[in-house]
Amino acid sequence: MRFLARRLSALVGVLLASSMIVFGALYLAPGSPEQFLVQGRTVSPEVLAAIRSQYSLDDPLPIRYWKWLSGLFTSDLGRSLLTQQDVGALIASRIPTTLSLAAFAAVLIIAFGVGLGILAGTRGGFAERIVIFASNLGIAVPTFFAALVLMSVLSVGLGWFPVFGAGDGVVDRIWHLTLPALALSLPAIAVVARITRTAIVDESESEHVLIAVARGLPKRIILWRHTVRNSLLPVSTAVGMQIAGLIAGAFVVEYAFTLDGIGALLVNSVQRKDFAVVQAIALIMVVAFGVVNLLVDLLYAIIDPRVRLEKGRS
Amino acid sequence: MTSNESAVLGTQPAATPQRLPAAAGRLTSLRRRLGWVGIACAGIVAVVVLAALAGQFLVPYDPTVGSVTQRHLGYSAEHLLGTDQAGRDIFSRLLAGARTSLIGPLIVVITTAVAGSALALAAVWFGGKTDAFIGRVLDVLFAFPSLLLAILGVAIFGPGIVTASIALAVAYVPYSARVIRSVALRERNLPYVKAAELQGINGLTITLRHVLPNVWTQILTGSTINFGYAIVDLAALSFLGLGIQPPAADWGLMISNGQESLQQGFPEQSLYAGLCIVVTVAAMAYIGERLGGRAAAGRSKQ
Amino acid sequence: MIDIDNLELSITDPESGTVKPVLKGISLSIQRGEAVGLVGESGSGKSMTLRCILGIEPRNSTVSGDIVFDGENLRALPAERMRRLRADKIALISQNPHAALNPVLPIETYLLEGMADAHRRNAQATRARAADMLEQVGIRSVDRVLKAFPHQLSGGMLQRVVIAGAISGKPGLLLADEPTTALDVTTQAEVAAILDEKRRDLGMSMIFVTHDLDLAAAVSDRLAVMRHGEIVEIGTPEQIRDSPQHPYTRMLMSIRPTLSGTPAGGTAYDGGSTAVGIPTGGGTAVARVSAAGNSASSVAAETQIGSTL
C-alpha cells in the first residue's frame, strides 16, 4: 500500500508540473498571449473579450493558473477559439474512437507481439529467423507508412477494407478499425516480439531451468511453467510501455485514416491554431500516459511475488 | 611485454600479432565491428549522406517545380521513377529530399547529445541536490510522449523544420540524459577520478578531461540510435503537416502528399519515399546496435 | 551402481573455434551405498563430471566415453528414458539454492512438481509427503515454508528444501555439487550433517563435489582428487590424508588449514597451476568434519567453530 501511495503522489506531482508546462506554453510563444491565441484572425471585440476572460488575462499569473486548473477539475475545458464550441464536449465526442482504436491495437500487440516472441523463443530455427527479421523491419517502419501501405494494398487495391471512417455498430467499427489498429500496433508488435524472444532465450539459459531439466521435469512444464512464464514478467512491462506509447502514436494513424479521434482533433487544432483545444488534449494525453504507466508498474508488482511481498512487508 | 606483465599492469596485449598494411587493418577491424551486413548498412548510409550533400547538383529536374501536363507519369527514361500529382519528377524529389530528411534529425541528435550530456554530467559531478533537481525535471519531461511534446512545440512556435527538430530534441533529452548519467556515474566513482579530485584538480577539468571521453562511446551509439528515431518522428511531423512545409522536397512530406494519389491508384511517390525512410532507418539501427553491443561487450570484459 | 569409463569432454568456443579440453578421460566406479568425494580446485572439472552424468553439459561441448548406471549407458539413452532416470533415480543438489529454484513459484510447487511425476499419487497424499519430507530435514514451520517463495527463505533453509526434494523419490544416486559452499558458515555444518545423515539412512550412493578436502573426507567413503580434468588419485580419506601419493595431493594436504589456523606447509607446488586453489573458511573446516562425520547437533558444531576462530 505504501508503494501505491508513493507512486500515486509521485504521479500527481509530475502531472501538476506537466500541467504548468501545458499552461505556461502559452506565454512562451512569441508576441502577446492575445496575439498568439487570435493568430491574426480578425475577431469581434466580444470574441476577444471572451478569450480574455477564458484565459483570465486580466488576473495575475498564479491566479490565472489556478482558475485554469480548477476549471479542469470541474471538466470546464474552455471554448474553442475558432468555433466557440465547448472543448469538453468536443473531446468527449471524439474519445470513443480513440479508445476503441487503442484497445484494438493493445489486443493486437499482446496477441501477436507476445505470441510471435514465444514462437521464436521456443521453436528456434526458421521461425526464429523470420520473426527476428520481421521485427527488425517492423521497428524501422513508421506507423504512417505502414498505414499507407495497408491502405494501398488492402483497401484501394483489394477493396477488403474501407479507406476511412470509424464505422457504426460493433462489427462495422471493428472492420473499419482493423487497418488503423494494425498500422498503429505494427512497430509495437515488432518491439514486443523481439523483447519476448530475448527474454525467453535468456530465461531458458538460467540456472533454475537447467536444474529443472536435471530434476527430470516434463518438457512441457519446463517450457511453460519455468521458462515462458518467468520470461513474461519483464515482457509485461515492455507491453505496458508500448500500450502507453499508443497514445502518442494514435494521432498519426487517426490522421492518416481520417478517423474522428482526439489525436486527429489535436493535429487539426494545431494546424488551425486553436490553442484551447490543443492544451486540453495535450493534458488529457499526459494524464492517460501517466496513468497507464502507473498501472503497468502496479501490475508488475502484483504478478511478481518478489516485488509484491517486499512491498507487503515494508 | 609478457602476458604476465600485462596482467599485472591491467593492460591488454596487442591484438594483432603481425603488422598489416594500415588500410587492410582498418578494413579488418571495421568488418569485425560491423560484420558484412553492417558494412552494407554503412554503404547505404553513405549513399544517403552523399545524396544529402550533393543531391541538389545531381537532380535531373527541379524538385519543386512541376508541370500540369506531366502528372502521374509512369517509369520512363526521362522520369526514372515517374512523376507525382503535380507533375514533379519523383526521382529528383527523393534525391533532394535526402538533405531535408537528414538535416532535421542531425539538429535533433546534436541538440539531444549536447543537452543530454551536459545535464547528465552536471548531475553526476555536483550530485546531491543538483542531481535530484535534474532528475525531477527529467521526470516531468518523461511524462510527455515524445511526439506530443514536439507537437506542442510546433503549436507554440509554428511549424517548420527547425522548430520541429528542437521540440523533438527536448523530448529525447530525458532518455539520453538518463543513460549517459548512469555511465558517467560509474566513471566518476572510479579510483582515478577520485584521485584527481583529491589532488585538487578543478571539477570541470576532470569532467571534461576524464569523464567525458569515457562516456563518449555511449553518447555516440545513443546518437546513432536516436538518429533513426528522429528520422521517423520528423517524417511523422511532416506527414501531419507540422514539420517542413510544401513545396519543399522531404520524404515525410512526400508520403503525405502521396496519400491522395494513393487512393486514386498512384502509390509510387509514397512508397518510394517510405522505402527510403525504412531502409535508412533500418541501416542506422543495425549499425547502432552493432556498435552499442560491441561497446557493452568491451565494458563487461574490463 | 555407476561406472564412468574414460569420460572426455571438450568445449568449442563458437567465436574463435578453439577447442578447450575440460575432462581428459575420467574413470570412476561407485558401489551401491557408497559416497565418493570429488575434490579439486575450481575449473578442475568436478562439476562438469556431474553434469555429464545428468546429460546437462553446456552447449558447444563434445562428450565421449561411457557412463553406465544400473546397467544402462546414460550417454546413449533416448531423451525420455533419460528424463525418467533424472526424475526417479538420480538427484542433484547444486551450489546456490537461490538460483536453483524458480524465484516466482512457491516452495510447495517446487516440491510437488518433483514428486507428482515420480509417484503419480493423489494430490493430498503428495502434499502430505512433501510436508513430511520437510520435517525430516529439520524444518519446523512446515506450512509457512511450503507457502513461502524462495527469496523469503535463508540459503540454509532453502538448501534443506532442496535436499528434501532430492531425497523424496529415494533416488539411488545423489549428486551434490558444492552443496554448502554458498551458505554462511554457521549453517554449512548443519546442512552437511543433514545430507550425510539422510544419505546413510536411505542407503543412497553419492558423489560429493567440493574444494574442501576435510569436508569431503568427513562425508565420503573414498576421495577422488581431480586436477585439470583428470583424477590424479583415488583412495580412502585415511590413505589420502596419511600417505598421499600424487604431488598435487600432497600440496593440497599441506596448504590445508590446521587447528592453529595457519597453513601447515605452504610450499609451492611446481605443477604450473595457479598458486593456491583451496579457499576454506579458516578453522571452520574442522568444525564441519565433526559435525558432518557423526551428525552432531548444530549447537556442538557452532561451539567448535567458536573455539577455533
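Even glycines carry a Cβ here, placed using N, Cα and C.
All TrEMBL annotations are machine predictions without curation.
Among the features that TrEMBL reports, domain 'ABC transmembrane type-1' is placed at B:98-288.
Per TrEMBL, transmembrane segment is recorded for B:34-59 (among others).
The feature transmembrane segment is assigned by TrEMBL to B:102-126 (among others). Sequence-remote contacts of a segment are chain residues at least 6 beyond its ends whose Cβ falls under 8 Å from one of its Cβ atoms, and for the transmembrane segment (B:102-126) they are 48-49, 52, 134-135, 138, 161-162, 164-166, 168-170, 172-173, 175-178, 180-181, 184-185, 188, 203, 206-207, 211-212, 215, 219, 222-223, 226-227, 230-231, 233-234, 243-244.
According to TrEMBL, the feature transmembrane segment maps to B:133-155 (among others). Within the chain carrying the transmembrane segment (B:133-155), a Cβ under 8 angstroms from the stretch's Cβ atoms is held by residues 119, 122-123, 163-164, 166-168, 170-174, 177-178, 233, 236-237, 240, 242-243, all 6 or more beyond its ends.
Annotation comment: TrEMBL describes B:161-180 (among others) as transmembrane segment.
Taken from TrEMBL, the feature transmembrane segment covers B:227-249 (among others).
Here TrEMBL flags B:269-287 (among others) as transmembrane segment. Long-range Cβ contacts of the transmembrane segment (B:269-287) within its own chain (Cβ-Cβ under 8 Å, at least 6 residues beyond either end) map to 34, 37-38, 40-42, 44-45, 48, 81, 84-85, 90, 93-94, 97-98, 101, 224-225, 227-228, 231-232, 235, 251-252, 254-255, 257-259, 261-262.
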Same-chain residues at least 6 beyond the ends of the transmembrane segment (B:161-180) whose Cβ lies under 8 Å from its Cβ atoms: 100, 103-105, 107-109, 111-113, 115-117, 119-121, 123, 134, 138-139, 141-142, 144, 146-147, 149-154, 215, 218-219, 222, 226, 229-230, 233-234, 237-238, 242-244
